[in-house]
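Record features (Swiss-Prot):
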- 10-17, 57-61, 115-118: GTP binding site (BINDING)
- Y32: (Microbial infection) O-linked (GlcNAc) tyrosine (CARBOHYD)
- Y32: (Microbial infection) O-AMP-tyrosine (MOD_RES)
- 32-40: motif 'Effector region' (MOTIF)
- T35: (Microbial infection) O-alpha-linked (GlcNAc) threonine (CARBOHYD)
- T35: (Microbial infection) O-linked (Glc) threonine (CARBOHYD)
- Y64: phosphotyrosine (MOD_RES)
Amino acid sequence: MQTIKCVVVGDGAVGKTCLLISYTTNKFPSEYVPTVFDNYAVTVMIGGEPYTLGLFDTAGQEDYDRLRPLSYPQTDVFLVCFSVVSPSSFENVKEKWVPEITHHCPKTPFLLVGTQIDLRDDPSTIEKLAKNKQKPITPETAEKLARDLKAVKYVECSALTQKGLKNVFDEAILAALEPPEPKKSRRCVLL
């Protein structure tokens with residue numbers, strides 16, 4: 001059975017772990033526990049063939065900047081996450097996350113993933129952002145960034161309501177399997 005390695009990166013507290021737990025167990029975790037490094041595996045059927053989707057969670061906190069890339073070798077696809085209600089996490093996609101993964105894995109495809117879309121219409125969240133003269137990130141803004149950074153595409157979801165959740169992983173699998181160039185050379189290798 002072929003394995004697809006999918007690594008999830010992004011700022012701390014944008015919902016990377018919730019995304020993975022909600023997808024793999026259909027349950028939403030109730031409390032926030034920062035991740036050091038976890039992985040999950042699910043079997044998915046693609047075109048009648050079973051694949052193991054290996055999902056690797058990483059810590060977004062800066063303390064782990066030297067440790068995190070140890071999970072990058074052999075990655076088939078990255079999910080670069082930001083919260084649609086955290087403009088700073090969106091900014092860090094461009095400033096930190098995409099430079100980091102493209103430095104270590106220049107040929108590995110990645111998707112830009114907007115999380116916490118259930119909060120985009122939440123009055124108290126909107127109010128908090130407005131106090132700092134900020135607004136939630138729109139899909140159009142995120143799609144433009146995805147194009148500028150050469151992401152495979154932009155997808156968004158809510159781990160809480162599961163809206164768009166399965167699509168994120170379906171698109172990740174497609175990105176890992178679609179060969180714009182020979183498959184072997186696209187895996188991340190640290191020398």
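Cβ coordinates are placed from backbone N, Cα and C, and glycine is handled just like the others.
Feature map: Swiss-Prot annotations on the structure.
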residue: G10; record: GTP binding site; CB count, 10 Å: 27
residue: A13; record: GTP binding site; CB count, 10 Å: 16
residue: K16; record: GTP binding site; CB count, 10 Å: 26
residue: Y32; record: (Microbial infection) O-linked (GlcNAc) tyrosine; CB count, 10 Å: 11
residue: T35; record: (Microbial infection) O-alpha-linked (GlcNAc) threonine; CB count, 10 Å: 17
residue: T58; record: GTP binding site; CB count, 10 Å: 25
residue: Q61; record: GTP binding site; CB count, 10 Å: 14
residue: Y64; record: phosphotyrosine; CB count, 10 Å: 18
residue: I117; record: GTP binding site; CB count, 10 Å: 22
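Comparing T58 (GTP binding site) with the residue listed as '(Microbial infection) O-alpha-linked (GlcNAc) threonine', their Cα atoms are 6 Å apart once rounded. Between G10 (GTP binding site) and Y64 (phosphotyrosine), the C-alpha separation comes to 12 Å.
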